Amino acid sequence: MAGVASLNALALRAPSPSPAAPSPSPRHRGAGALAFPGPPRFPSLRAARRVLPARAAAGGDAEDEWGPEPDGGPAVTAAVAEAPAPEASEVAELKARLKEALYGTERGLRASSETRADVVELITQLEARNPTPAPTEALTLLNGKWILAYTSFSQLFPLLGSGRLPELVKVEEISQTIDSENLTVQNCIKFSGPLATTSVSTNAKFEIRSPKRVQIKIDEGVIGTPQLTDSIVLPEKFELLGQNIDLSPLKGIFSSIENAASSVAKTISGQPPLKIPFQTNNAESWLLTTYLDEELRISRGDGSSIFVLFKEGSTLLN
């Protein structure tokens, strides 16, 4: 109690404001006993407020408490505007990492489970930064030839998916060509062998079902006319049914076959491709484009399958 009495006495003996002292501003009147006399705590801010009327009289903006731009302000603004957006650089880095992750996977068919997990993670990050949220409304970007770089769809082609292709036959390219004007799609697989190259393709039409989704219906399959190679190139050996087969003794035989093949090359190349019509409902599928720009396309299809395609001519193919 003695302490309380002492505080009360101090409060009663506090000097009253001088008649010449300015009255407290409205924003400080509610402070009560906490508004102790003394020098202002923020003189620089009060000084800045006193400068504002003079700045307005000189033609400046009285609302601008920070003053005019420093020298070089517009140049700095232009430099910032010209600098690439952080997201654009992030996308470029993600695409470079994706290209590196796909190297040596043979379009995903030989990818390990760890590599597949890394690829899915990169794809997810790219999808979150998709610059084309409505791909079916940007048909000019969809238009053209796209080269398959990766897929998780092991049944894309039965022999290719099961890995039973002989060593003598190579898959040169798997592509999808979109004609946005006629709403058609052609899927093509090109094979090459020691004697000839050929292709197997499907022709289809697509319908736009949503800003990202198209419905595809295959009309026909096409087996291309074999194109004979100029010369026969044989490997030294290849593996068949677990056995290494040496082909060097057969080089003389294949030289004779090459000479005979050249005489019928013009006849074979003049034959039209074989077309096989499709009439079943099983020839329909859907495709969802989840990322699209001028050089990269990511799509998802039936069975949670993923397709990564690079535009023909893109630096991603180098």
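Glycine too: its Cβ is placed from the backbone N, Cα and C atoms.
Just so you know, TrEMBL annotations never went through curation; they're auto-generated.
Of the listed segments 1-40, 81-120, 241-280, TrEMBL assigns region 'Disordered' to 1-40. Cross-referencing 53-76, 197-220, 293-316 with TrEMBL places the feature region 'Disordered' at 53-76. Taking the domain 'Plastid lipid-associated protein/fibrillin conserved' (93-309) as a whole, pLDDT averages 83 in the prediction.
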